[in-house]
Amino acid sequence: MASVHELPIFGQRFRDDSNWEWFRWRSHAFTALPILALHSILFNIGEKVLPKKVWTYGIIGYSMIASAYIYTPQLLIISLLQGIVLFATTFYTRSWRCVWIASLPVLVFIMNFTTSISDDPFLVLLFVSYTLLSYISFCLEWSRKSVPELENETIVEIFTRMLFYAFYQPYQISVIVIYPEFEKQLKQRKIEEREWKKTIIFIARITFWWILTEAILYFFYFEAMLTDYLFAFRLPKNEFVSLGMAMGSFFQLKYVVIFGYQAIFAKIDNMRPPDGPICISRVALYSKIWRGFDRGLYAYFKEYIFIPICAPTFSISRKLFGVLASYTFVLIWHGFQHHNIVWIGLNIVELFLEYSAKILYSFPSIQMWREKRISDVNFRRILGWLQIVCFAVGLYSNFYFLGGSQVGQMFVQRIFWEETWTLRWPFFLLITLGYFYMQVAMEVDRQANIRAERQEEEKEERIQKSKNIKTKKIN
């Protein structure tokens, strides 16, 4: 729960050791640091001095040795067996359905029975599960014939491609990049200029957030307090609510570092990793958190689950089924624990509320009625009040996800049943503050869209100027 440490200036301080994931990850990160650094050297220099085939097999071999060292030879063998089974399934069937049939039972077993695979569940969740996602992505693309290069290669060459993708160190864990995007980045890195200045700034940013994350644990004990259920339940409600907000912010900050750590080495390789997590303190609708937090996971289930189910008609019924199937996959990915089931269930409710409102407003007659009778300013005010409902559902779901079932139940009991349901004054205070929060979030989104449009226009102008200069030189 806590340990005592000697800090410069501050002297002895307790450190909150409640966050199991963070402390397991940070020890892993220090172990993997020299391995990732050496991988970047071999990846960038080896490519220039070695024949392509030697370089490819060398990178795969190095990554496998590194994986055996970090994650144990046993887990490396298990990971390779997963890849071989899925590869063979795809080779003999060429069916994306068979790929899913072969992989889903394995994924369910890995995510729910980790201790039967290894004494250290963290290594299983970190290595075996992420490499399985890579194998699935590769085999789905191969079965769909969406990567033309695979159609003209031998089985050995295709298998080598799969291993090179699955064992590329910066994307091996934490950061999910689907196979077509990986191949695209490999091609672009050869023609795009390296942006060393941006990479160095990015390294400095991640280092700063890592130091801040560590410092927080010595001065703020919100997770330790929430694990003492009797203590947390007796706290004044204004203090109790702040614990939930702190827990969410720390989770986001933690993943800025975790995703950013892997992204550093991808950027050194001149790859383009997904952006880090969106700041959850400026998001009103949780559909945006799904799109902007773990961007790789979102792209994964969108590409391989949601779109295949919705295509070709993208009817409402197909979309609803696609949402349910996508969230079922997310539940499998996180494990069938009670708090995850509640988290997913409430997220589905929240998303259906959003979709229902969007579908309703998509009718031209309703849009015309609104435009005639309600101004844009007043319509935004109405949206601010309505979005509080979606936000509240998403907020309760996250208390279950981040804190577990007992913490989630505490928030439901103390805030919903005791204050909201009974219409006591804290409820009116919360929805008033919630309204202001919704307006701020909508304004931030509006300004971000304006800025993005301006940047796109400037980019087009630069491209046009470049074309004009080239045309003049030719003439």
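From the backbone N, Cα and C atoms, a Cβ is placed for every residue, glycine too.
Because TrEMBL annotations are produced automatically, they should be read as predictions rather than curated entries.
Per-class residue totals from DSSP over the compositional bias 'Basic and acidic residues' (455-464), listed helix then strand then coil: 10 helix, 0 strand, 0 coil. Here TrEMBL flags 455-464 as compositional bias 'Basic and acidic residues'.
The annotation compositional bias 'Basic residues' is assigned in TrEMBL to 465-475.
Look at TrEMBL and you will find 455-475 tagged as region 'Disordered'.
According to TrEMBL, the transmembrane segment annotation covers 25-42 (among others). Outside the transmembrane segment (25-42), and at least 6 residues removed from its termini, the chain residues within Cβ reach (under 8 Å) are 58-59, 62-63, 66, 69-70, 122, 126, 169-170, 214, 258, 261, 265, 268-269.
What TrEMBL lists as transmembrane segment is 54-71 (among others).
Look at TrEMBL and you will find 91-110 (among others) tagged as transmembrane segment.
As annotated by TrEMBL, transmembrane segment applies to 122-138 (among others). Outside the transmembrane segment (122-138), and at least 6 residues removed from its termini, the chain residues within Cβ reach (under 8 Å) are 21, 24-25, 28, 67, 70-72, 75, 78-79, 82-83, 86-87, 99-100, 103, 106-107, 110-111, 114, 161-162, 165-167, 171-174, 176, 178-179, 300, 304, 333.
Residues or ranges marked as transmembrane segment in TrEMBL: 158-179 (among others). Beyond its flanks by at least six residues, the transmembrane segment (158-179) meets 35-36, 39, 56-57, 59-60, 63-64, 66-67, 79, 83, 87, 126-127, 130-131, 133-135, 137-139, 141-142, 147, 149-150, 185, 258-259, 261-266, 269, 271, 273-274, 294, 296-297, 299-300, 303-304 of its own chain at Cβ-Cβ distances under 8 Å.
If you look up TrEMBL, you'll see 200-221 (among others) marked as transmembrane segment.
TrEMBL lists 241-264 (among others) with the feature transmembrane segment.
According to TrEMBL, the transmembrane segment annotation covers 320-336 (among others).
Taking Cβ pairs closer than 8 Å, the transmembrane segment (342-361) reaches residues 285-287, 290, 316, 319-320, 323-324, 327-328, 330-331, 334, 367, 370, 386, 389-390, 393-394, 396-398, 400-401, 405, 408 in its own chain, all 6 or more past its ends. The transmembrane segment annotation in TrEMBL covers 342-361 (among others).
Feature annotation from TrEMBL assigns transmembrane segment to 382-403 (among others). Long-range neighbours of the transmembrane segment (382-403) within the same chain, counting only residues 6 or more positions beyond its ends whose Cβ lies under 8 Å from a Cβ of the stretch, are 226, 244, 247-248, 251, 284-286, 289, 339-340, 342-347, 349-350, 353-354, 357, 374, 411-412, 416, 431, 434-435, 437-439, 442.
Per TrEMBL, the feature transmembrane segment maps to 423-442 (among others). Sequence-remote contacts of a segment are chain residues at least 6 beyond its ends whose Cβ falls under 8 Å from one of its Cβ atoms, and for the transmembrane segment (423-442) they are 237, 282-284, 380-381, 383-385, 387-388, 391-392, 415.
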Output the single range from 54-71, 91-110, 241-264 maximising the number of Cβ pairs under 8 Å to the transmembrane segment (320-336).
91-110
Residues of the parent chain within Cβ reach of the compositional bias 'Basic and acidic residues' (455-464), under 8 Å, 6 or more residues beyond its termini:
none
